[in-house]
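What Swiss-Prot annotates here:
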type: BINDING; residues: D543, D547; note: Mg(2+) 2 binding site
type: BINDING; residues: D543, D547; note: Mg(2+) 1 binding site
type: BINDING; residues: N687, E695; note: Mg(2+) 3 binding site
type: MOTIF; residues: 543-547; note: motif 'DDXXD motif'
type: TRANSIT; residues: 1-28; note: transit peptide
Amino acid sequence: MSLLLSNSALVGPKFRSSRISHASASLDIGLQRATSPQNASVATCFEETKGRIAKLFHKNELSVSTYDTAWVAMVPSPTSSEEPCFPACLNWLLENQCHDGSWARPHHHHMLKKDVLSSTLACILALKKWGVGEEQINRGLHFVELNFASATEKGQITPMGFDIIFPAMLDNARGLSLNLQLEPTTLNDLIYKRDLELKRCNQSNSAEKEVYWAHIAEGMGKLQDWESVMKYQRKNGSLFNCPSTTAAAFTALRNSDCLNYLRLALEKFGSAVPAVYPLDIYSQLCTVDNLERLGISRYFLTEIQSVLDETYRSWLQGDEEIFMDASTCALAFRTLRMNGYNVTSDPITKILQECFSSSFRGNMTDINTTLEIYRASELILYPEERDLDQHNLRLKTFLEQELSSNGFIQSCQLGRNINAEVNQAIEYPFYAIMDRMAKRKNIENYNIDNTRILKTSYRSPNFGNKDFLSLSVEDFNRCQVIHREELRELERWVIENRLDELKFARSKAAYCYFSAAATIFSPELSDARMSWAKNGVLTTVVDDFFDVGGSVEELKNLIQLVELWDVDVSTQCCSPNVQIIFSALKHTICEIADKGFKLQGRSITDHIISIWLDLLYSMMKETELGIDKSFPTMDEYMSNAYVSFALGPIVLPALYLVGPKLSEEMVNHSEYHTLFKLMSTCGRLLNDIRGYERELKDGKISAVSLYIMNNGGEITTEAAISEMRSWIERDRRELLRLVLEENKSVLPKACKKLFWHMCTVVHLFYRKDDGFTSLDLHGVVNAIINEPIVLNQF
């Protein structure tokens, strides 16, 4: 880890050689088309950007904290209270004052004036304590006097504990005979805010007050019980991994472990310290999270795997760096669980219990922590995690209230589109937003600055930088070019197979392709995308044929043709519509089977035909039930309805085309069928909830109407829908658990992910309206396929 001496230096200089993941080399297919000098230059820039990002995995840079360095500079020698223990820190302060008299970091944000005031006053106190730097002290005092009004300015971001620490430092300044000419009204306002903050803390429970006061120990003066503070000392000797708090503790108690921590920090960083140390696990997880959320993780698979393995080892060892920090714990839990590691949710539940234990909001005053905990609390896999479920609902309500009242303004990151980010987290749960859609939103909401605020501001290129953004934008747009060409190919396929001549069928090629491109977006997975999209079009056509377009004779004829397979369509099709549909089916199945044969090394034709026959049989059964006006039991209905929802032909053939070998034993395994049933059941129930009233008017059955009927008509529609939603929730969580599970799994993870991807598709499609009728989808389709991201718009 090294320190960044400038807040603006988020990205280091270019370097000649770097470790780039070889595991993802094949994923550049279709992207490196350097057919002109301009394209060659773009390709070179692309690789250089990847190289700089790869370098972040081998170091963790943090910005210097002048505030913390000042408090460390105040530490007296253990052998003489008249001498500084760390004169190098004192020299650093003397050499790093700004031209305006402050000790601000270069290019500091205009909303960080309170931070600058606090840091500057701390530096003045350090110099005055040791009787050095009279010129710097006078310039610093002049800066504080000129900018003192900012200490109570409402539009400024207030660092943690500022309302207590800053007045305490002013008292210290008076005790050191520093002559500060301060505006009386502002000073009175500051004292009033300090008293208000102390009163608020005293009204919280004793444990919360104690930990908060311990964290801002340097500002508590005679109110501080230093022995109680030391309960929070960590194994590395620090208090909260915070140099300023630890320095104040050593000054008060001469604790040797505190001193050892400070010495180790300075051995690591030289003559200045960061605001938090160590931060290695969090920094590395932030890098991984940035890459995953922006859609560029596939370029760094080896590096990411190394971080995940190391984080998991630290998790199992109970590392304080993870479990003593809410943000790190939540991020580690979410990242590990979503990558298939077996981690318990107990630490997240404990954090949430502490957050909601009283009116003192503790961790939830910081937007980073709040969002991390919320995202982590969504990842419920097991029935016994019900407590986490309840806390998630409460946290969602809290976020909604804070959003409506602009409660995050004081705690947000600088330059961050916080409203959009929080709104996205609330409106689009992780299970109801398609992968590429989420990536685009994350890119659009991305904040290059990514300054964090504790008692002072701090930054790291691992938290965020322009390389993450530029690589993700370039990658998104390159993939989009490929996707647009594939959509044109799909539209040609529709015409070539005469599907456009079927007047009864909905024209949904763009939507079908969109669901493929938004979930299976990598360039080299073109065959899987096209299989998904073409079968999506065909299932829509067949669904409309069974629903409104075909007679019973035509439906039976279509099924018979698929059963026989090798037929003369000119003589054995009973109508032009049947001929068009069967011909398109056969041509597409054979095309997909040929591609699958090349990847799998065995014939998959019979299996794909079987998948289609299962769908046709289930649709025919529904037709016959409608004709007979008979009402099955709920179990009878669902045993057929999950198949007739028609996800089988879309998802199952595509499994053969995503890369891994899929043996006959695998596709006959119970895991394969369970994944399919869970995914399809979610889709069927979502569809039946949204279409309940329409189906009721048309005299058709649905899961909702049958549930009411099977319960003697004694429950309300609302109660029936509530039961359906609970069913969906159970199956969705079980599906995710099986997708993420690796130890007992038979299917390759790349194949299992497709079941989850489709689950997110149906959750999005049925969010508001009934399936394809959602007006929101039109804009989303354009954003994913047609509209490039323009970097200079950010």
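Each residue, glycine too, has its Cβ placed from N, Cα and C.
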Inquiry  = Counting only residues 6 or more past its boundaries, what in the same chain has a CB within less than 8 Å of a CB in the motif 'DDXXD motif' (543-547)?
reply    = 502, 504-506, 554-555, 558, 577, 581, 619-620, 622-623, 646
Ask   = How far is it from D543 (Mg(2+) 2 binding site) to N687 (Mg(2+) 3 binding site), counting Cα to Cα, in Å?
value = 14
Query = Rounded to the nearest angstrom, how far is the Cα of D547 (Mg(2+) 2 binding site) from the Cα of N687 (Mg(2+) 3 binding site)?
reply = 15
Task = Run through the motif 'DDXXD motif' (543-547) and tell me, per DSSP, how many residues are helix, strand and coil.
result = 5 helix, 0 strand, 0 coil
Remark   = Smallest number of other CB atoms within 10 Å: among the binding-site residues D543, D547, E695, that is D547
Ask   = Just counting, how many other CB atoms are there within 10 A of the CB of N687 (Mg(2+) 3 binding site)?
value = 20
Inter-residue Cα distance where the pair is E695 (Mg(2+) 3 binding site) and D547 (Mg(2+) 2 binding site), in Å = 12
